[in-house]
Amino acid sequence: MSSRGVRAAGTDGTDFQNRQRVAQHYQESAQYKSILKWFFVPHFLILVFMWLKVGSELLRTNFGWKNAFFDRLDMPSAYPWEYVWCFSFIPIVLAIYSFQRNKLKILHYAYYAEFVVGIFPCMIGLGGQLPELMEYAQDMEGSNTPTFKGIFPMVIIWYIFFAVALQIHGFSMYFMHHLAAAWAPVKRD
């Protein structure tokens with residue numbers, strides 16, 4: 001719909017571009033939400049495998065459940081940090097819940113939960129497995145290291161897990177921090 005009358009003085013009609021741009025913090029918010037969702041996918045996949053491992057052990061020890069598949073895997077018993085890490089779905093749920101209406105407080109809860117149930121248990125496991133890794137590295141054949149299916153040492157699998165999980169948690173915290181900065185109100189002096 002065109003306006004009636006002459007064009008406003010001092011404009012040639014091309015000054016609309018500044019009104020057509022999306023504010024930078026909205027672009028950053030959408031970008032960081034998307035990136036975080038992509039980090040949640042591998043985190044959730046790893047989490048499913050951990051739930052299967054820990055859950056099958058809980059069913060076997062507490063309820064006498066027997067399954068030929070898990071018996072063939074010959075997995076060692078779960079460490080205490082594994083039980084805590086199984087709760088690392090909480091930051092994912094909190095973060096996704098905060099995305100709906102840009103709830104900054106909920107995102108802060110997700111950020112700190114990422115450290116408490118994600119990074120912290122991994123760091124404890126990393127330190128706890130170090131003597132086992134050193135023992136295995138010094139004497140591969142004579143080591144008493146638990147194995148996966150009686151062949152592959154679990155300590156190597158755990159260190160691969162730590163490398164992947166710490167990167168996922170670290171980058172998730174990094175992008176949550178930047179998303180929170182994009183959502184935070186601008187302070188004016």
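Cβ coordinates are placed from backbone N, Cα and C, and glycine is handled just like the others.
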Legend entry - Swiss-Prot topology check: Lys105, Phe175 same side of membrane: yes
Legend entry - Same-chain residue ranges lying at least 6 outside the transmembrane segment (79-99) that approach it to Cβ under 8 Å: 33, 36-37, 40, 43-44, 47, 50-51, 53-54, 106-107, 109-111, 113-114, 117-118, 120-122, 124-125, 128, 165, 169, 172, 176
Legend entry - Remote residues contacting the topological domain 'Cytoplasmic' (172-189) - C-beta distance under 8 A, at least 6 residues beyond either end: 25, 28-29, 32-33, 35-36, 39-40, 43, 91, 95, 102, 104, 107-108, 110-111, 114-115, 118-119
